[in-house]
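Dumping what Swiss-Prot says about this protein:
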- ASP321: active site (ACT_SITE)
- HIS65, HIS67, ASP156, ASP321: Zn(2+) 1 binding site (BINDING)
- HIS67, PHE68, ARG69, ASN99, HIS325, PHE339, GLY340: substrate binding site (BINDING)
- ASP156, HIS183, HIS246: Zn(2+) 2 binding site (BINDING)
Amino acid sequence: MSTLFLNARLLNPAENLDTVGSIKIGDDGLIEAVATGGESIPAKAEDNVIDLAGKVLAPGLFDMHCHFREPGQEYKETLETGSAAAVAGGFTGVALMPNTRPVIDSPLGVAYIRHHSAGLPIDLEVIGAMTVESRGEALAPYGKYASYSVKAVSDDGTAIQSSQIMRLAIEYAANFDLLLIQHAEDKHLTAGGIMNDGAVSAMLGLKGIPEVAEPIMIARDLQLIAWLKKHKLNGAVAEPRYHVAHISTAESVALVRKAKAAGLKVTCEVTPHHFTLTEHDLSSSIEKGNFIMKPPLASVENRDALIEGLRDGTIDAIATDHAPHAKHEKECPPDQAAFGIIGLETSLGLTITELVDKGVITLSQAIELLSTNPRRIMGLETILFRAGRKANLTIIDPDCEWIVSESDFGSKSRNTPFMGRKLKGRALGIYHNSKLIMR
């Protein structure tokens, strides 16, 4: 049975498309026809016709930074429940970080994820570890990753501390055209820290994490990349592609902005919790465990710098760093809480509420940040609204107002600081892999 979406706002930044129109999809999942500019697509009696007047059809959202905990910590999340969380948030694909148990640092680990994700409603891209067991001591087999069509490497959560190992990672990743995703953290500065270092941490009696721990690592990496580009590469290998995960400070944004101006292939992402919350939200909350994450929630000034980075295009993507934890790991004193929160179900709503509605970015730019750019950065195929192309769509109601509640989550975990928060904008469903899934 074919599916016919009528009267939707067709919004696809990759095609500079923003107009009211209709899309018909065959039962094979391929787009049969696209109508805009007052044109119409005739419906057949057997078609599944859905009127989307006032709603948006966008390219399927893609989150390039998620943790689904499988293998090894299935009590927090599984590939199946993580995928359910993604669908609830309007995502048709995500990229999975390798810090599972065991770490995904070999083709065997990649094969495990692909085998166990077969039949799930979304696409799962596997990110390989930068180093063996993410210990920062010896490089993982980048050549074998490439042969398994892995697109990126990261030691997320345990940034490479050795400059020599990082230099090798940059060179080898460039040779195999792998994106380097850096969790920028100087562990010598952050050891034992719980939240942003400053007056608020002192007031709460919690050990602080100095904000300089992030830009120090970014500056080191960018210096290495610039040096290798000038003195070592000489066209012998591809230029490194470097991506900063969950950027959180003004200085980090400034470094990325400067590197882009210098012509380096540098991109970065920000999480909804970092452009929405600050350290003061932690201090005023009773349930502080759900405000503990890395990098920590920072000052108002740093949060505002992130918003400006989104406004001027320095920040390329919005990613959730979806990090599920069990109830007992978060409902505890803050200095005992696990780092991280879930984010797939609330990402779109926070983006529209905090950025689009406040005039920081347009809805089209939001789709770029949530879909077009993450796919481009990861080296994935661009989604186009054209006949013959595979339909990969997210259905959005940008005006829907809703209160975040437990019933909204597909995730196995509930560790969010946004429970009870009023948001505007919500995914109503997805069309992907020849299947329509509506909320």
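Placed from the backbone N, Cα and C atoms, the Cβ positions cover glycine too.
So that I understand the layout, could you describe where these features sit and how close they are to other parts?
In this view, ASP321 (active site) is surrounded by 29 other Cβ atoms within 10 Å of its Cβ, with every protein chain counted.
Spatially close to HIS67 (Zn(2+) 1 binding site) yet at least six residues away along the chain are GLU77, LEU96, MET97, ASN99, ASP321, HIS322, ALA323, PRO324, GLY340, judged by Cβ distances under 8 angstroms. In this structure, HIS67 (Zn(2+) 1 binding site) belongs to neither helix nor strand by DSSP; it is coil.
Listed in sequence order, HIS65, MET97, PRO98, ASN99, ILE127, SER134, ILE181, HIS183, ALA245 are the same-chain residues six or more apart from ASP156 (Zn(2+) 1 binding site) with CB atoms under 8 A from its CB. In the three-state DSSP scheme, ASP156 (Zn(2+) 1 binding site) falls into the coil class.
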Do any residues at least six apart in sequence from HIS325 (substrate binding site), in the same chain, have a Cβ closer than 8 Å to its Cβ, and if so which, in order?
LYS76, ALA338, GLY340, SER413, ASN415
Measuring Cα to Cα, how many angstrom lie between ARG69 (substrate binding site) and HIS246 (Zn(2+) 2 binding site)?
19
Enumerate the residues of the same chain, HIS65, HIS67, ASP156, ASP321 excluded, that satisfy the criterion Cβ within 8 A of the mean position of the Cβ atoms of the recorded Zn(2+) 1 site; list them in sequence order.
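Leaving out the recorded residues gives CYS66, MET97, GLY157, HIS183, ALA245, HIS246, ALA319, THR320, HIS322, ALA323, GLY340.
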Can you give me the residues near the recorded Zn(2+) 2 site, meaning same chain, not ASP156, HIS183, HIS246 themselves, Cβ no more than 8 Å from the center of the site's Cβ atoms?
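For the Zn(2+) 2 site the neighbour list reads HIS65, MET97, SER154, GLY157, ALA159, ILE181, GLN182, ALA184, GLU185, ALA245, LYS294, ASP321.
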Out of PHE68, PHE339, give me whichever of these binding-site residues has the highest number of other Cβ atoms within 10 Å.
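Checking each of PHE68, PHE339, the winner is PHE68.
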I want to check the contact list for HIS246 (Zn(2+) 2 binding site): same chain, sequence separation of six or more, C-beta distance under 8 angstroms. What comes out?
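Those within reach of HIS246 (Zn(2+) 2 binding site), by Cβ under 8 Å and sequence separation of 6 or more, are HIS65, HIS183, GLU269, VAL270, THR271, HIS274, PRO295, ALA319, ASP321.
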Among all protein chains shown, how many Cβ atoms are found within 10 Å of the Cβ of ARG69 (substrate binding site), not counting that one?
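Looking across every protein chain shown, the total is 25.
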